[in-house]
Structures are given as C-alpha cells and as structure tokens.
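Presented below is the structure to which this report refers.
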Amino acid sequence: MEALSINAPTQASTLPSGLQISKEVEKRYNVVRSVGEQCIHDDELKDLLAKKAAPVCYDGFEPSGRMHIAQGLMKIMNVNKLTSAGCRVKIWIADWFAYMNNKLGGDLKKIRVVGEYFKEIFQAAGMNSENVEFLWSSDEINAKGDEYWPLVMDIACRNSLAQIKRCMPIMGLSENEELSAAHILYVCMQCADTFFLEADICQLGMDQQTVNLLARDYCDVVKRENKPVILSHHMLPGLQQGQKKMSKSDPSSAIFMEDEEAEVNVKIKKAYCPPDIVEGNPCLEYVKHIILPWFSEFTVERDEKYGGNRTFKSFEDITTDYESGQLHPKDLKDALSKALNKILQPVRDHFKTNSRAKNLLKQVKGYKVTRVIPTASSTKEEDLSINTSASSSAAGLQMSEEAEMKYKIVRSIGEECIQEDELKNLLAKKPAPICYDGFEPSGRMHIAQGVMKVTNVNKLTSAGCQVKIWIADWFAQLNNKLGGDLERIRVVGEYFKEIWQAGGMNNDKVEFLWASDEINGKGSKYWPLVMDIARRNNLRRILRCGQIMGRSETEVLSAAQILYPCMQCADIFLLEADICQLGMDQRKVNMLAREYCADIKRKNKPIILSHHMLPGLQQGQEKMSKSDPSSAIFMEDEEADVNEKISKAYCPPKTVEGNPCLEYVKYIVLPRFNEFKVESEKNGGNKTFNSFEDIVADYETGELHPEDLKKALMKALNITLQPVRDHFKTNERAKNLLEQVKAFRVTR
C-alpha cells in the first residue's frame, strides 16, 4: 500500500473555541477526517487533535465468518491512516457480541477461531500494527467487570426500551422485527464499550451511527464534558443490484479476502454494472473506496480502438468517462479485477504458506453462517397445574419418615409448589438442598418482608436446607429504587439484616450475599449465563416478567427492566439453587428459569416454592407498599403506630374474602405462635384458636367480632415486633441505620 498523501492547507486555522491550529494539526485532521463519510463533529475533532497527541480510536468487529473486502481492505486503510496521524487504535474483537447475535450458532470456540483468522488477514494485507491493540471483549470485560457492568446497567437505566430499539440497525435488524432480550443488552454493552475503552473517536461504519449517538446522548445525561467524536465510514454495497452491503451469507454478493484470482474475476464479471450509470453501481463504488485510496490511481488497459490505456487520478474523471460511454463496463470490470487481485495476492500467499493461517482458514470455511436466535419462546411453557397427590413416593423413590417430615415443613411455606414430586425427590436424595431467597433493599421493611421471611427461613433451615439470601443491590439500582443510589441501597441492606437478626432469624445455615459482590467475583461465569438467557428469550417473553419489579408490560419501560429478569433468572443458576423460595409475584421469572433448563436440556430444574403475598391494610390493596405507609406495618413501628394502623384497617364483619386482618392472622400470627388468642368480655369471653378454619367459622357467623379480632391482632403483632424495637433503641449501629433509612425518599 502506497504512502498516504495529505492535502493540507498552507496556513493555520482557528477553531470556534478560539484555539489556534497549527499546520501539523491541520494535516493530521485531514488524514483522520478522510476516513469518515460523516463526522460528528468536525470542530470537536480538530479540537481533540490540537489538544491530544495520541487520541484513542475505537474500532471493532464481530467475528462471524469469512472476511470480505469491506471489512478487510477498508479497515486496513482506515487504521493505517489513523495511526499515521498519531492515533492509538483499539480494535475490539466483539466475541461476546457475536455470541449474543447468535453468529456461528453462538459457539464461542468457533467465534474465537474466526477472530484469530481476522487478525491473520489484517497482518498479511498490510495493517501497520504499531499503535494498534487487538482486544477480545470477553477477556477485557472479565478482567474489569466491576468497572464495565455498572456502566452497562447505568446506560440501561437511563434509556427507554424505545430508544434502545431504535439502535437495532447496528445488528442489521429493524426495531419492528422479532427481537430477543439479547439485542437490548447488546446495544447497552456497545454503548458502554466506548467509555470502557476510553475512546476519543468512534471509527465504525455508518450502520453503527445510532449507537454512537446514544453514547453522545449519555454524555449529556451524566454531564460528561468530552463526548466521543463519531467518524462513520462508508458502507460498501454488495455486488448485485440493490444490495446495500456485502453479506457473508450470500457469497455472490461479496469478495472475500482469500478468494482466488479466478473467483474474483468471476464475481466481478457477474457484478451489477449498468452502462453510463454511476448511481448504485457497485463496481464504481469499489474503485472509489478501495482502489483509488490504495493506489492513488486507477489504470484501465484496453485496445487502441477502444481508446487505449488510461490512468485516472480522480474519481471525478472516471465518472465523467463512464457517464459519457467512453469507459465501457467490461473495461472497468477488467481493471477492477486486476487491481483487486494485486491487493489480495499477499493474503493468498500468506494463507498458502503459513500453516497456522492455513489451518484457521480451513476451519472458518467449514463453519455455517447463522443469524436466527434460538429463542425459548418456541418452547412450550410447562403445565402450571399443581400435583396435589399425597403419594409418599416421588419418581418411584420411597421416602423415609424423616424425608416426609422435611417435605411437610418445606411445603408448608409455599402457597404453590412447582412441582411437588420433584420437591419430594430432592429432599429424599439431598440432605442439605440450597434454597434461594432474596430482596431488593429499597426502604423500610414491612412485616411481609420481615416476619414472613423469618418464619420461612427458620422452617427451611429446620428441614436441613441451606438458605442463600440474595441482597439484590444492583437490582434495586436497575429498578431505580432510592434513586439508584448504591450507597443508600447498601445502607438499607444492612438495616434489613439487623431486623432479621433482632426478629429471631436462625442464622445457622443462612448466607447473606450481596449481588454486586458475588457477580463481580464470578463475572466470567455469571454474565455469559445472562447473555445466553437473553438470547434464548424473545422480548415479549421477558416483558411478561415485568411483574417481578411491580411493573406491567404496557408501562413505558427502561432497557434496565429487560436486563433485570435475565439477571434474576441467572441468579438461580449462579447460586446453584435447588429451590426458589420467593413471593407469588416472582413466579414468572422462576418459570423462565425452568423453561431455560428445558431449552438447554438441563435435567435438574429449580423447584418453585411461591409464598403468599400479604395485602395492604386498606380495601383492594393487593400488597403492602412502602410508598404508602398507611398500607403497611413496618418492623420498627411503635406499639401506638401498629394499634392505629390496625384500628383503621379494612375488616368487614362476617366477610373473610379480601379481609387483610384475617390474612395477617393466617400468615403471620398462627405460624409464629401456633395459636391466636382473642380476649373479649362482652362478645363471648376469651377464646384460643388453634386453626384458621376455626377462626373463619366464628368470624363468618359473627361470633368473632371485627373489633375483638383487631385487638387480638394488635397484641400479637406488638409481641412479635417488640424485640425489633428494643434492638433499634439500644444498639447504636441499628439506631444509626434506621435514622438514615427513614430519611431516604422512596422512588420508582
């Protein structure tokens, strides 16, 4: 490749900022600017080059099959121009992105082979490797996951789903196509790459412009002063009429970097090249964007009777002759074939003489090009009916009395169990199954989170289970709890732990795990799992999981709310959970985990044990809400607060259905005390109930009056909460945590 000529102005120029630009900077600017069909913005590029001797330029590719000349020759020319102008070029080998986009069937080993093959071509074809770094996305992200993933999540939080969908052209898709959740994650990650690589310039194709603009918009949102300059290069069309770009899946549309001379000749011969027409003519495009920049001239050899040989120095001269008919399509094609073959010969030689390159090419040629995402939406959702059989065996396994007893304890936690036979089988075979529970630290703790969790965890540990409680701090951030402030979220998590300790949780066999710490520590295992779940589930399926965040699929969602279910599903496998013990509102994502097992043919599916959701205190409130204090009793509420809230609670006489006071007796008081004492002098005297059925019978007949029910409920709740109050009054750490939490504003 010949030296690059620089057409520089003879005098220095001045930027709008008032900065004087030297002739040297003008020269560098002209070289760098020549790379892009479009620059956003020219003044910023000049300013950057004037202030920074070695700006960082980000380029990249998905390793996805054989390399065509648009990827090969144009990238080589662009990189060589950039390094000649003093830039440091970071070439991002986007293996994880190819995986999410299901290139090569999502086979990371094959993707790695293709990446190495690309590097061999760049070397053989003349890329100047000085000031060029090839970086594998998986390696770099794994090495600095604690820096990268919070950035991805922040971008996801700050952009609506609609904004992200507008970036689908970067993957050759439209926002109206059937998308997978991975396509949403892909955009957020590519946007993050710009900042992760500390790029001053994004040098990618015009088809990547939407995500580069997203990065600039993100700078505005986070008030980052230095935005990346976008330098978008031209997209070479395919060889046939109407093909906007070369396609690996259609070999006739593209010339590959190791094509033999005869193959190049045949492809160019068959290429679309209408006489006298320049617009939409791929042969002329290749001359303009490859041959002229490479050789600085284009030589046409022909008989004297057709005008003789001619060497063109500018594209304008070529188009003038072509439009007038002086340059015939056949002569153009012959000259183009000859020039391309001259450029490609060193690559052919390298792949014939270098054994490593030869082996790589052989493997790559054997790979099938794929694009279809293997979504789990085609997998039939399993039957959700509950097996209520009281059989003492599961899958033909005879259960011991001890296993039967364990089963009854564990099963009593769940309003629903999917599936009971699987639970019996698990308890019969595994002495200490792992149970996954968790919470978003998002404000004060109400009794549904406090008392019910203590009761459930103590039951599980008494039955031999190991309980892993997932403190979902990153999830609270994704859901914009406490304004997404991780320091505040951390404070709330510590406050929750204090309450459970004071409330009587047996910490033997219980682990509290911070999501951010665990994910950062095991990122190389966790994030590929998230990506695989995302690529196997279409967007509609993930949207149906919005309920786990208290959202509906019709709401205006951020991209974070697509990432959240994929991550929560991955948590189950990261924690190696046998049982998912969460509320009924989390059921859809737990089902997603079981569907994923079916999709990847994993035999042991997590058992779903979904506990009841306590309603709010007022009529029609499906669950307690921290944002409405009148709907909830908090774990450190004073006795007077509890009494006032219960006295105002909805409690219609003789009506059991939708009666929150009776719900609290059933799910909090009876499991805690194994009895419910009602004291009443005027309404039949004192009575102790040992079953909820007896309470219901008396309430429906009117023998148990709402006023007496409420008084007994107040007393039982206050007995339960008193140790927590005492702890938060006497323990300085707990007292300080509570003061902070009470001051935090609840946000959504």
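Cβ coordinates come from backbone N, Cα and C, glycine included.
Feature annotations, reproduced from Swiss-Prot:
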- Met1: N-acetylmethionine (MOD_RES)
- 441-449: motif ''HIGH' region' (MOTIF)
- Tyr564, Gln568, Asp571, Gln586: L-tyrosine binding site (BINDING)
- 623-627: motif ''KMSKS' region' (MOTIF)
- Lys626: ATP binding site (BINDING)
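Averaged over the motif ''HIGH' region' (441-449), the predicted model reaches a pLDDT of 90. For the binding-site residues Gln568, Gln586, the greatest number of Cβ atoms within 10 Å around a candidate Cβ is found at Gln568. Note on the motif ''HIGH' region' (441-449): DSSP counts are 3 helix, 1 strand, 5 coil. Counting every protein chain shown, the Cβ of Tyr564 (L-tyrosine binding site) has 27 other Cβ atoms within 10 Å. Once the Cα atoms of Tyr564, Gln568, Asp571, Gln586, the listed binders of L-tyrosine, are compared pairwise, the greatest separation found is 13 Å. Around the Cβ of Asp571 (L-tyrosine binding site), 25 further Cβ atoms fall within 10 Å across all displayed protein chains.
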